[in-house]
Amino acid sequence: MTVMSGENVDEASAAPGHPQDGSYPRQADHDDHECCERVVINISGLRFETQLKTLAQFPNTLLGNPKKRMRYFDPLRNEYFFDRNRPSFDAILYYYQSGGRLRRPVNVPLDMFSEEIKFYELGEEAMEKFREDEGFIKEEERPLPEKEYQRQVWLLFEYPESSGPARVIAIVSVMVILISIVIFCLETLPELKDDKDFTGTVHRIDNTTVIYNSNIFTDPFFIVETLCIIWFSFELVVRFFACPSKTDFFKNIMNFIDIVAIIPYFITLGTEIAEQEGNQKGEQATSLAILRVIRLVRVFRIFKLSRHSKGLQILGQTLKASMRELGLLIFFLFIGVILFSSAVYFAEAEEAESHFSSIPDAFWWAVVSMTTVGYGDMYPVTIGGKIVGSLCAIAGVLTIALPVPVIVSNFNYFYHRETEGEEQAQLLHVSSPNLASDSDLSRRSSSTMSKSEYMEIEEDMNNSIAHYRQVNIRTANCTTANQNCVNKSKLLTDV
């Protein structure tokens, strides 16, 4: 990029920071001259011209810092040359002209524009603001414990990919969860179900009396359930004492699910012990009803699998990011249910064989019709009712289809972010002499590797690749004579 002023001056005086006579002008004259001083930026053959004070608004960036941009100065053409993407630079230059507003051109891919932001060193603040405008969701930082022992334990139970023992613990946890869910389902089979809820006197046909008392402590299902609860409790307690923040521990929805998964067991155990000691038969029916509700909560243990399943985590993040669209969907369905249930009731009011005795009774029909399920237990029989039913089904299809693209877009975003993270993690296993020393790599590949160290290795890899590309391009562009590569030891060419 060349530096030019309004008057014709030679190249030595035109370059910033290089006065012609070797003496430096006064500060006031320098400030007045800087207001009019212009620079030329050549982006792959397309020249842009702007004032130097425009670039100086952001002195920490590549173009705003004279020392940084001087590497790309071509003294023969008196300009700064960048072999970068042309359409992207329109937005980059507007960032300086507007004082910090950054908008991606519609004809530039998202990943390419992100690379341009990094190359021109616009900063993390500009990158975060750009990602927010593009709809990216900021990842929450997950700090690690400060103490080494707590960090080791936290990585074992929270980061299954950090080491071999952590993977073993994750596999054991998944197996225990699956066993608990299988036991929860099998104990309801008629051939395996025992009348554990019955305590009393049984009169046989031969006039003999048998007192039947169920003992839950000898039940095989209860024994297996106890073993599962021991593991769940151990895992929860260890993770609680090893977590970096006790307050954030209880704010995590997954930890709340872990607590809910073990509470029913202790309530059931306490109720059984109280009944055996007190023998209060009058409260037996009430306690059994409570136990049935509490046992139902055990089914939430299946959500514990999401801690070890990337697919379930992606699904949960998608639903969380799509709460607004899901809320609109429920609101539209609510309006449709009220509208069509009222319409079908009055359309079928004069029919003796009508299935709709009231508007609330027609709510069920409207819901299954708008969701295109159609059980067939309730259906219109008149012409007017069938017309209302047809409109209800069509409206349901349109209502449900509206928010689906947004939800799918959110799912694709989280899915690609997860897959890209896995690909970057796989690249960490590729050996390179420019990344780190052997001792450093062996230390980072141990069981103490944290998420911050993963990011550090990734940054080293990107820097080494960028250095390798710059060396190759300089070699390729400066091998012949009469090239623009003047003073090769100082001038660098970017790709």
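Start at 1 and count along the chain as shown; that gives each residue its number.
Glycine is no exception: its Cβ is also placed from the backbone N, Cα and C atoms.
Residue annotated by Swiss-Prot as N-linked glycosylation site (from the set Asn42, Asn207): Asn207. Range 310-323 is the one annotated as region 'S4-S5 linker', of 156-169, 282-295, 310-323, 380-393 (source: Swiss-Prot). Membrane topology of Glu116 relative to Pro244, as recorded in Swiss-Prot: same side. Range 372-377 is the one annotated as motif 'Selectivity filter', of 48-53, 102-107, 270-275, 372-377 (source: Swiss-Prot). Residues within less than 8 Å, Cβ to Cβ, of Ser322 (phosphoserine) and separated from it by at least 6 positions along the same chain comprise Pro403, Val406, Ile407, Asn410. Distant neighbours of the topological domain 'Cytoplasmic' (243-253): 143-146, 150, 154; these residues of the same chain sit at least 6 beyond its ends, with a Cβ under 8 Å from one of its Cβ atoms. When Cβ atoms from all protein chains are considered, those within 10 Å of Cys243 (S-palmitoyl cysteine) total 22, not counting its own. Looking at the region 'Tetramerization domain' (1-128) alone, the prediction's average pLDDT is 77.
A Cβ distance under 8 Å defines the sequence-distant neighbours of the transmembrane segment (221-242), meaning residues of its chain 6+ beyond its ends; these are 145, 150, 153-154, 157-158, 172-173, 176, 179-180, 183, 186-187, 249, 255, 258-259, 261-262, 265-266.
The helix, strand and coil residue counts that DSSP assigns across the topological domain 'Cytoplasmic' (243-253) are 7 helix, 0 strand, 4 coil.
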